[in-house]
Amino acid sequence: MRVAMIGTGYVGLVSGTCFSEFGHSVVCVDNDRSKIERLLGGEIPIYEPGLDDLVARNVRSGHLGFTTDLAQAVRDAEVVFIAVGTPSRRGDGHADLSYVFEAVRQVAMAADGYRLVVTKSTVPVGTGAKVKALLAETRPDLPFDVASNPEFLREGSAIEDFMRPDRVVVGTETARARELMTELYRPLFLAETPIVHTTIESAELIKYAANAFLATKITFINEVADLCEKVGANVQDIARGIGLDGRIGRKFLHAGPGFGGSCFPKDTRALVSSAQEYNAPLSLVEQVVASNEARKRRMADRVIAAAGGSLAGKTVGVLGLTFKPNTDDMREAPSLDIVPALIRAGATVRAYDPEGMAEARRLLDRVVWAEDAYDAVTGADVAVLVTEWNQFRALDLDRVKAAMKAPVMVDLRNVYKPEEMAARGFAYSSIGRPAAGLG
Ligand code: UDX
């Protein structure tokens, strides 16, 4: 099949590349000329393991191309995906759909016959109907179908998530649209991936409900972790003890500094706004948003406490800045709350991240940028593990200890074991587990 993918951000680039790997003929479109030039030159603008090889292979085989010429790409395609950004609108948390509608308008203008227009961007319920109206209004002469095909891929394992998803969700209105979507995903159905066929409204809402549910799960265990600290319980035992109940499940029960990233914060806020607008408020999700934001702001207090109550004149070594490992993405990362709070409390912050440094330099001031983990903790009074990159899981702890002024570690990802850290002579605190070696 011939596919045009409008928008070469995270979702567009990964989905377009994976569709080409399925054997479809895909052209990815972006209005950012320099981005398209970089892609044509074989340079991948995001860090996603495995994506560079997959892009190179499919470009070579002629299945994948890149262009700024939206009109030509639409004329050549049977199915047009909209995968442009839907950022949070300033002020009210609603998703900003201006890029989506502008792309749809351009698609309509360029089309010379029937097209199936599919939204892959995360869009609030009701957007599909608006897309349909806009297509009809712009080109009353042409028959269009619309579909909603939300994407559930996680940064860092996006290709695996696309190629081996738990399910594919497709919202359509006509038999023709349903057939085209089924054809597009045929390689997955051969692998017996369940396909959930729904209306467009349901497909749109499934994406938000899934993200809000996962965000709720994380927030739940984070609040339980706080209680664990007060009563001397261990949150990892709680997570295992409840997670082995198949109705609950073990995934997404890792307590930490609060969720960040490009999806959960934005999508929970947008869902809250939509629900309020339709007068069916999701009070539970409202609370999740508030609890998570407050949590991220509170994390620096743990570092201050570990330093004995004051950071004035002290040095903090920060390990990890991205919102999670295996990405260079800093969007809504807990570090963006933690680092400035440490600096405000009087600390000198030395920080290192394996992939996020370029973006972090843009977003954070007055930080001493370190060469590696050991450089970050050199002369530090406290080390803070903020993102659980593999290289921070395998630190040479004796070297860390020798480099630090005092062996104090705050582990916001529960990477290390409290008793082992105490045995190695560290004063160690983590999330929802008994502290060790302190006082
Ligand atoms: C998420 C969804 O998982 C994906 O389905 C959707 O399409 C986009 O949003 P992503 O943002 O890439 O993907 O990352 P994810 O691995 O889900 O983690 C999100 C945040 O939650 C991170 O900040 C992570 O550190 C945090 N998290 C996750 C926890 O704190 N605890 C957990 O148990 C799981």
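Cβ from N, Cα, C; glycine included.
Under the three-state DSSP scheme, THR122 (NAD(+) binding site) falls in the coil class. Under the heading NAD(+) binding site, TrEMBL lists ASP30, LYS35, THR86, THR122, GLU155, LYS266, ARG331.
The substrate binding site annotation in TrEMBL covers PHE152, LEU153, ARG154, GLU155, LYS207, PHE252, LEU253, HIS254, ALA255, GLY256, GLY260, LYS324. Same-chain residues at least 6 positions away in sequence with a Cβ under 8 Å from that of LYS207 (substrate binding site) are, in sequence order, THR122, PRO150, GLU151, PHE152, VAL169, ASP267.
According to TrEMBL, the active site, nucleophile annotation covers CYS263. Taking Cβ-Cβ distances under 8 Å and a sequence gap of 6 or more within the same chain, the neighbours of CYS263 (active site, nucleophile) are THR122, ASN211.
Averaged over the domain 'UDP-glucose/GDP-mannose dehydrogenase C-terminal' (317-418), the predicted model reaches a pLDDT of 98. The domain 'UDP-glucose/GDP-mannose dehydrogenase C-terminal' annotation in TrEMBL covers 317-418.
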LYS266 (NAD(+) binding site) to LEU253 (substrate binding site): how many Å between their Cα atoms?
20
Can you tell me which of these recorded positions sit near ligand 1, meaning the Cβ is under 6 Å from at least one of its atoms: ASP30, THR86, ARG154, GLU155, CYS263?
ARG154, GLU155, CYS263
Nearest to ARG154 (substrate binding site) by Cα, among ASP30, THR86, ARG331 (binding-site residues)?
ARG331
Distance between LEU253 (substrate binding site) and GLU155 (NAD(+) binding site) at the Cα atoms, whole Å?
18
Within the domain 'UDP-glucose/GDP-mannose dehydrogenase C-terminal' (317-418), residues counted as helix, strand or coil by DSSP:
34 helix, 19 strand, 49 coil
